[in-house]
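Working notes, structure below.
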Amino acid sequence: MPKREDINKILVLGSGPIIIGQAAEFDYSGTQACLSLKELGYQTVLINSNPATIMTDTDIADKVYIEPLTLQFVSQILRKELPDAILPTLGGQQGLNMAMELSEAGILDELGIELLGTKLDAIDQAEDRERFRALMNDLNEPVPDSGIATTVEEAVSFADQSGYPVIVRPAFTMGGTGGGIAQDEAELRKITANGLTLSPVTQVLIEQSIAGLKEIEFEVMRDSVDNAIVVCNMENFDPVGIHTGDSIVYAPVQTLTDREVQMLRDASLSIIRALKIEGGCNVQLALDPAQDRYYVIEVNPRVSRSSALASKATGYPIAKVAAKIAVGLTLDEILNPVTGTTLAEFEPALDYVVCKIPRWPFDKFVRADRRLGTQMKATGEVMAVGRNVEEATQKAIRSLDIDINYIGDEELADLNEADLVDGIIHARDDRIFYLYEAIKRGYSVDKLADLTKINVYYLDKLLHIYEIEQELIATPFNADVLELAKKNGFSDEVIGKMWKTNEKEVRAYREQMGLSPVYKMIDTCAGEFESQTPYYYSTYELENESIVSNRKSIVVLGSGPIRIGQGVEFDYATVHSIQAIRQMGYEAIVVNNNPETVSTDFSMSDKLYFEPLTVEDVMNVIDLEKPEGVIVQFGGQTAINLAEPLAERGIKIFGTTVENVNRAEDRDEFNKLIQANGIRQPQGRTATTTSGAIEAAESIGYPVLVRPSYVLGGRAMEIVHAKEELENYMKNAVKVSHNHPVLVDQYLVGKECEVDVISDGENVVIPGIMEHIERSGVHSGDSMTVYPAQTLSQKVQDEIVKVSIKLAQSLECIGLMNIQFVVHNDEAYVIEVNPRASRTVPIMSKVTDLPMARLATRAILGESLVNQGLKPGLHPAGEIIHVKAPVFSFTKLDNVDSLLGPEMKSTGEVMGSDRTMAKALYKAFEGAKMHMPDHGKVLITVKDEDKGEAIDFARRFWELGYQLVATKGTAQTLAAHGLKVETVGKMTEENNIVDRIHDHRIQMVINTISDSTTSAADGIKIRSTALTYGVPLFTALDTVDAILQVLESQAFTTLHL
């Protein structure tokens, strides 16, 4: 069937902010879909609330709306744009749920708008647990024994009959949100209550546990004439019971027989056909090889996280093909863009092994519960490609950008036996390291398989790595053993440790032996057809498939996996840099390892190397390609950290020099620069010991802000009020040394603001000044931000511009730089300078209409800003007010305190834009899913120093018609100022705060911490309960002021005579 001519305008629903379970993969799929539809000649309209994505760039769709993905705003845009159709299946769970909501509200019928791709009934059938179970029974597809519950008591009743353990799976959620495995009634009650709250239809499936079986995924495609194919099959390293987003995954499947693969393939195709899904679909199955049977776990009737992985693993562009299927094209009409010759109906073939390992946020949240289950906890993932499981796994581990770059974690050597076994049985994010340690200690693979239900095949691979390790230790500088090690993924650095030498010596010996990697192409067809893809991975074989052109090339280093502090914003900057390089006539070569992102779409660059971001792996690419140089400033701290070692090896680093980057990041050097220019900054000192830190704090005066040097996202940063707190911080939060000092700064209370700077080494352009709503002490990534600045005096703004220009020129900045200020007593103090792209680049590029990363790249490559049409100084601001709001994933992580502070905790962001501050704030809160009730009870429980401000806020809530509830101390303060307030009991008393939140007798919580340990523990419990039950929670008083501005702008004044 040719493409449909009866539709012209198509609206694409985006996926909203990045949260755990819904990350950058939807930026990738949404971008692909929009470009695909434009290519076919359709007019496209996009709605997405996330300003950090490539998808919301104005050139991706014909019209882009960065607006809240709520019924109110989407309906308004639909009535204005009147599209012929909506495509919801590329916007994750958010897109599907929005489509269902629009249909139920009658908007689609009212406006005569058609839903493209998978039909609503199919979505409902796949997502509604009861209907899905009924369909599987009709198809004779086996599902675990299960029951539907809409109350906690119904869940308990099913479990009483079936026995424990049971798995709880909420309907219409993603990332396993609200789910879990319950071992007993108490756990079941807790998980079900949470699951019912988080399910938009208040429904959960209670399922007999099949934990321990093999978990297999099939990524399938179907078109409107019932052609259906399998794009990719994948096997989870971890058995059923751990969310696939938290599991190590291999493609293609490694341990299944041909018969088993065929059995599961037939089931997957039968299901997609029965659901009549048009586009991409992910089928998850559990296989019990011992009984020769399987179960269907669930189906995602949309493009998913696994689709992005399958696309990158195979080279098959699932989202692009799905968009074309949605407008009527069939698989036998769509050309495969990888080969340029085969059609999309050909199933990809893989002649390599792909390994995906999740990236978890536990380096940020050290107190979080690291145990893995059916609710996803990872923020991102890495992918590595090799010729065998060992090579792919080892490359994936060193792609994670964690402190461990080898499967043999030296710190586990001192672990006692009981803790080792516990770490093996109770799966955590680091279980693979525990398994390897157990193998080193002589545990048999059969014993480990019995303890974990992980297939012996994979444990054998770990044993093989250990055997090679032993050979390396026994025979240093042996060419045959070295070749064996390299073919199995060992890095030069790790081999150096085993040979008691260093990475450079190993590299020199390897090159002397003529041992260098070759690059193989990912081409969807295992080399069967001629391919056009410039998409490569390294391995140690003979034939190199990456042909070096005679064009001048530039290597751009990506930012690796999505994590807190280094999110999709850096991928945005990377993609813009690639575009500028290509526009200037250079060949753009990307090195990155994140399967979720736009930068690793092979069509974005001239060449893509899917490799770990380490010195060795990057140098191997450079040795082959011989580029003009490398750009590091768009890849976050991951890429910046590679600048110095690459420069030491004679590689040209484009942009700000390594020496000037170090001047900005080294505290003593930076202090000298600040003083030489007469710039204000909070007093600060460095310390390399605990006693040195205490001495520094006492000379500056408490409170102080302490942090390690060279960090991103405020890792291990705290505000410390007393000596005991500082001693505890030094002991538990940082590893301090002469090479890694701790920074101790005066903590100034004031308003924070920040600027991004573009410089060509001479001219300096400041796109705008962003003002933070929360006062200093809250990490910039977690603060609400407004542009243009609303409350800064002209004097302060002028000072910020002057200081920013002076700093950029003094640091000889070429490219981008970010500067953060605190305004104290109407004076601007510099608190931080980051000589690289920051996480504010996407949002500022959009609100100022200055493509900052593109402009910066052109400056880096020698084109002056003036020649690019820019006027030096502060770029004039428009009339529209833009508010960025952070978005958090606290409901996914147990034991993580939601109190905001100097350590970054948000996973994503949204933007609200309008002509007034109150309207922009309202949109930002709505986009962040912080919907405010217009009446009810507000709980106020604050520390002593906040009580003065709390009185004013309480009065404003009271005047709006809200009732006030407070704990004893706060209640007395409010009552003394003439406010009617109800006193509520503390945690140990009856009718306490937590009970009331649990019973929905509190509609909003304002809670700031007290430093005393009992109150601190109470505060954590109050906050976590509010989050669990979906009650709006505020832990910073400035955010309360912002929400009051919104509520007051919507309220009418009622006057009595």
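Keep in mind that glycine also has a Cβ here, set from the backbone N, Cα and C atoms.
Summary of the site annotation: Swiss-Prot records ATP 2 binding at R707, Q746, L748, E752, G777, V778, H779, S780, Q820. Screening the candidates E695, E724, E832 against this entry identifies E832 as the one listed for that site.
Taking Q208, E215, E298, E832, N834 as the binding-site residues under consideration, the smallest Cα distance to L748 (ATP 2 binding site) is found for E832. Put simply, Q208 (ATP 1 binding site) is 44 Å from H779 (ATP 2 binding site) when counted between their Cα atoms. Comparing the Cα of R129 (ATP 1 binding site) with the Cα of every entry in E298, N300, Q820, E832, these being the binding-site residues, the smallest distance points to E298. Note on the region 'Carboxyphosphate synthetic domain' (1-401): its mean pLDDT in the predicted model is 92.
If you compare Cα positions, G777 (ATP 2 binding site) sits closest to E832 out of the binding-site residues Q208, Q284, E298, N300, E832. In this structure the residues listed as binding ATP 2 are R707, Q746, L748, E752, G777, V778, H779, S780, Q820, E832; their two most distant Cα atoms lie 18 Å apart.
For the binding-site residues Q284, E832, N834, a Cα to Cα distance of within 10 angstroms from Q820 (ATP 2 binding site) holds for E832, N834. Reported as a whole number, the C-alpha separation between I242 (ATP 1 binding site) and N834 (Mg(2+) 4 binding site) equals 38 Å. Sorting the region 'Allosteric domain' (930-1057) by DSSP state (H, G, I as helix; E, B as strand; all else coil) yields 61 helix, 20 strand, 47 coil. Between the C-alpha atoms of N300 (Mn(2+) 2 binding site) and Q284 (ATP 1 binding site), the distance comes to 8 Å.
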